[in-house]
Amino acid sequence: LWLALALVTAATPGGAHGGALTFLALGDWGGLPDPPFVTPREVATAAAMGQAATELGGDFVLALGDNFYYEGVRDEWDPRFQDTFERVFVSPGLRGVPWYVMAGNHDHAGNVTAQLRYSRHSPRWHFPHPYYSLRLHIPGSNSSARLLVLDTVLLCGHSDDFGLAELPAGPRDAAAAAAHLGWLRAQLEAAAGDSFVLVAGHYPVWSVAKHGPTPCLLRLLRPLLRRHRVTAYLCGHDHNLQYLEEGGVGYILSGAGNFMEDSRPHEGSVPPGSLRFFFGSPTSPGGFAHLRLEPSAVTVTFLEATGRVLHRVTLPPR
């Protein structure tokens, strides 16, 4: 299945963020299965995202999976869509802003097809296929970027977030995983002319936190990211904020939308010197990443839900 969506953004009135395409990346934001169906962190992060979208620009939100804890949704009419999503991300800065969604392991514990179908019920929820490609045009320029949204559970298998650092044990459907990988290879070939290529999935390639690196992605994905000079890989799964750089690729982990964990048991499992930033303070009200794409660079800003800038890095065009 080859699927591409063209995302053409209108220049912001007054040109506040003119000449740039901007988006927010948020993972592991999915509330709770019991009333009030949200965590204080999710609520604080949602408010801060509205503020950041207003001040720094927000053409869309990239949701990095684990959209509904702990077992996804039952069907496309599940009240969790309202309780954990629609009624929470209500800041003026997020009004009318499209969300591009992927599934995490907790979503796969429920009904992912229902999350795809919810795209018909909500004007801002876009989840067209388990994996898909977005063409991004940088306004006022002839520069383009490509964002490839993966389903790492389909690729690598399911894992239990709350087991003892359980790693995905291989795909449930080997043929579907192979088709996904084939699609990704073709997309990366087709992106040769793009100034920036971003790849996003739920599971991390590299992480120093609880789950650590994902062996399946190190095997299947990392060589492709390096060979195609991918600008950055975005993910969640670990409940903190991290930035690593390895082999010319930036690794952006944004999994602080609902929970915060500061343990770093896998510090020795990543290449020496690759970890540039880590934030997982258990007293923090959460956080997310903001990306600004201009012809000359991608600027990645990690923000705490207080509005505080935690870390900023600039990535060059390919």
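Glycine too: its Cβ is placed from the backbone N, Cα and C atoms.
Values in this document were obtained by computation on a predicted structure and should not be read as measured data.
Pulled from TrEMBL, these are the features on record:
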BINDING   Asp28, Asp66, Tyr69, His239  Fe cation 1 binding site
BINDING   Asp66, Asn105, His202, His237  Fe cation 2 binding site
DISULFID  Cys156-Cys216  disulfide bond
DOMAIN    22-240  domain 'Calcineurin-like phosphoesterase'
CARBOHYD  Asn111  N-linked glycosylation site
SIGNAL    1-18  signal peptide
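Features recorded in TrEMBL, as mapped to the structure shown.
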residue: Asp28; record: Fe cation 1 binding site; Cβ within 10 Å: 31
residue: Asp66; record: Fe cation 1 binding site; Cβ within 10 Å: 30
residue: Tyr69; record: Fe cation 1 binding site; Cβ within 10 Å: 24
residue: Asn105; record: Fe cation 2 binding site; Cβ within 10 Å: 24
residue: Asn111; record: N-linked glycosylation site; Cβ within 10 Å: 18
residue: Cys156; record: disulfide bond; Cβ within 10 Å: 26
residue: His202; record: Fe cation 2 binding site; Cβ within 10 Å: 31
residue: Cys216; record: disulfide bond; Cβ within 10 Å: 20
residue: His237; record: Fe cation 2 binding site; Cβ within 10 Å: 27
residue: His239; record: Fe cation 1 binding site; Cβ within 10 Å: 26
Give me the Cα-Cα distance between Tyr69 (Fe cation 1 binding site) and His237 (Fe cation 2 binding site), rounded to a whole Å. 12
Model confidence over the domain 'Calcineurin-like phosphoesterase' (22-240), as mean pLDDT, sits at 95
Which recorded positions (Asn111, Cys156, His202, Cys216, His237) fall within 10 Å of Asp66 (Fe cation 1 binding site) by Cα distance? His202, His237
Starting from the Cα of Asp28 (Fe cation 1 binding site), work out which of the recorded positions (Asn111, Cys156, His202, Cys216, His237) are within 10 Å. His202, His237
State the Cα to Cα distance, in Å, between His239 (Fe cation 1 binding site) and His202 (Fe cation 2 binding site), rounded to an integer. 12
